[in-house]
């Protein structure tokens, strides 16, 4: 134990809420008197806990521990501290503390001296430091405001830190500098109550307003601002108020005449989005061809059933069964495409309606709802921290009101590497975000932006752009060096601290007289930058410090910004930001608690933890989730999505799905990585029914829909409540208010946030078609500052026990039980009657990376197909859907669960040409005119449908062909494996994982497509290899036999050869992938090919042994041919 001093410890452990079951009920912002855990953190990072009796009995310790009682931001009538200073002190404490907690453990807040090795300067950043405290023997830092200026609570300008200020208020109430009482009300900037929807202001004769000068009435130089004083006190030069008062505030007689500036928003109502149907010249022939092909298929299958091949009935049966299934599968895929649509948004209308300054909103405060961004990562070794950091930077610089944004990073691995990388990203955002705003940078991912080809000065108007870009590029290069050097930095730091601990242990053993030859047992811990133990996973796993066993961690990297713009200067940064708002969005690092014996439900569980934590901290009515390798390519994408949510009829939209676009794909897109047929074809078609399916990333959710509620209907609300806030039971009559903990858990804060998020997520009630809206201007109120109680509650809801005996993962949030939790989550929402929207922007909304290696691509498809098989055998099967699910939408979801089973029939059909060639029989007895006409008609319909689909979807013919090729490749490999894996899991409970068994590395590390040529052997390659080899051998055998046959049957050979060529043409990308670069083929390919060829030859000899010829000429060695 380190030496105790008489001064209060700056790292005293303050525990606003415990981690037990009562933590949620005590987490109400209106409650007070939270339990306190008395403890101290030693230099080794350990917590030494003492009881109250121990403290009372030992005066030696009394000065080293402080009883911090957590409460809501106080009011002047019940709190001696000044409100403004108390709130700022509380928020400063929260933003500089690392909160940890979990099951059966207290929630602790560890005050961080520093978060990263490098210095941070932005006032919102965790670990930023102000001036030193003027109190003797105190090394604390002075509190800071949102501009980074010191908060001085006394007119004498005596600098004092937060802890010393609290001690002075508690002991004497006197300023240590001038010995005068602190004046309650100094720097007071109480936020008015906006619960009624109007922003009321104090009367002009308010004595309290005359007696003090608030910080809000000071300009940027700290001087008294007369104009702002006029607005705040309703003093006026003609038109007056900063905010429009209530109609009856001054006793209006109801004549409708207001006493201020008339509202200038008397403009004709305009929609925020519009639905564009496909031109009739394209869609009408498209629908007609679907009907024609459907009819022709019916006649063809009827003809096939009535004309069996008696010569090879087994061949006929297999072919007919496969053709019947293909027809059924085609119907499931094609019929939902009968009503494709396009959509267009009007961003200028959105700006005019929500962001324009009016008489009631002269400052131009945004009325847009809040939005929370979720980014998930799990392993910094597989998901490089630099990639994740660039994604975070693109989010922090998005074009959306900064005070309405909050970004959450879920680190499911609990790695210090990810934590410090995110802290570095938050520090670099201090420069990057204002630079993007100043020069309108696009895209706002620094790695992508600085890698763009072409002239960077195009469309740039400011003369200092080149200079600024050069400086930011230099800073970004240094930022990358720091990120890439973090693993070594953490390792060296941990080795140094562990060596220090070993020396201390050795010294203790010597002083205690122990045997110095005994081995020293010191855990190899991972250490943070401030010299304490990392509470997450260590490099060397230990109890309570492993990937699957660590406490919940929450760090507010960037505290919430102020509600007013914060204009930068020209001398405090590397760049001139004198006319740029330098505020940064709220940024929170979250690593949920993990313990052995709990099912943490992988990504779905991590997303649900973020939903709960964000509901407590920011409660944005909308959530946009991204994978760590998907960044924002279009900074206006959130506004594009908001055009649909805030438009008339938007109240029943559960999510906005954006298409996935990828970078780093080879120009030929060998393995259909872009998947444009699905994203631009199928998804656009579903948008015309009930909406696209949820595909896991790039999706904007309505938070209220994630909570498992039905969309609002005329029966769910009482008359006259269309613009009033509702309770959760108003939307679900079967939900008892007393049963909220059973559905959502024990957190009172979480339960209270639900109706708030629903009300704030409504469109503005400015049109008769908006059935459930909200009054305009109600979301201009500033956000409440964070306090320790709120953050402690957020730590409580990410603990591993919180979901026990609740409906999280079953009805609420992301749904558990499938590896494709995204599809199931979207299906549940559609099944409750919600609809979704597909938003294709002119500039790609998001971009990410995709595997271009054949093996990685097959394993990706395997995971998707396995999830689909799980869906088919679960209660999420579309056949069991409710009546609220539309018929065509039901067919589309049924196809999601059925398509992997097509592989069983596809692999048989791919062997049929070879079997036909080897046996000398075809699937029909004769290639007569009827069969050929049917075949020709079906082929023409298929080609015509493809051309028309290309026309309305915008997909290229080459992309369509690549999609067809990979459909056969994946159908004969990954889909087949998924069906086998799913059947074994359902029937026998056996889970099989297909893993890589060997790999070879690429030679050219400078080639960005080098991974394309890597050949990693996997068992998934066996079926396509066998199919290809069998068809090639069969064609050679049949051709040789036909040439030397006495009566050549070319019709049967041509029929079989045609279909074999069809199979081989689809397998061409697969064969090319096996060849690697420059024809370098792995030895295993030749081994398998040789074994297969020998086996097939022996099998053919056993089935059709060679016959002795009767011709003496032949037997005498003369020139005949005989197949061995």
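Any Cβ shown, glycine's included, is placed from N, Cα and C.
Cross-referencing 1083-1103, 1104-1124 with TrEMBL places the feature transmembrane segment at 1083-1103. Most Cβ pairs under 8 Å with the transmembrane segment (1025-1044) belong to 1050-1071, among the candidate stretches 283-301, 313-332, 927-947, 1050-1071.
With every protein chain in view, the residue among the binding-site residues 383, 412 whose Cβ has the most Cβ partners within 10 Å turns out to be 412. Of all residue pairs in 376, 382, 383, 412, 602, the annotated binders of UDP-alpha-D-glucose, the farthest apart have Cα atoms separated by 16 Å.
Within the chain, the transmembrane segment (283-301) has long-range Cβ neighbours (under 8 A, six or more residues past its boundaries) at 277, 320, 323-324, 327, 330-331, 334-335, 337-338, 340, 934, 937-938, 941-942, 944-945, 948-949, 952. Between the transmembrane segment (927-947) and the stretches 892-915, 967-990, 1050-1071, Cβ pairs under 8 Å are most numerous for 1050-1071. Across the fold, the C-alpha of residue 603 (Mn(2+) binding site) and the C-alpha of residue 383 (UDP-alpha-D-glucose binding site) stand 14 Å from each other. A gap of 14 Å separates the Cα atoms of residue 376 (UDP-alpha-D-glucose binding site) and residue 822 (active site). Taking a C-beta cut-off of under 8 Å and a sequence gap of six or more, residue 822 (active site) has these contacts in its own chain: 694, 695, 696, 699, 814. The Cβ centroid of 376, 382, 383, 412, 602 marks the UDP-alpha-D-glucose site; residues of that chain outside this set whose Cβ lies within 8 Å of it are 377, 378, 379, 413, 603, 606, 628, given in sequence order.
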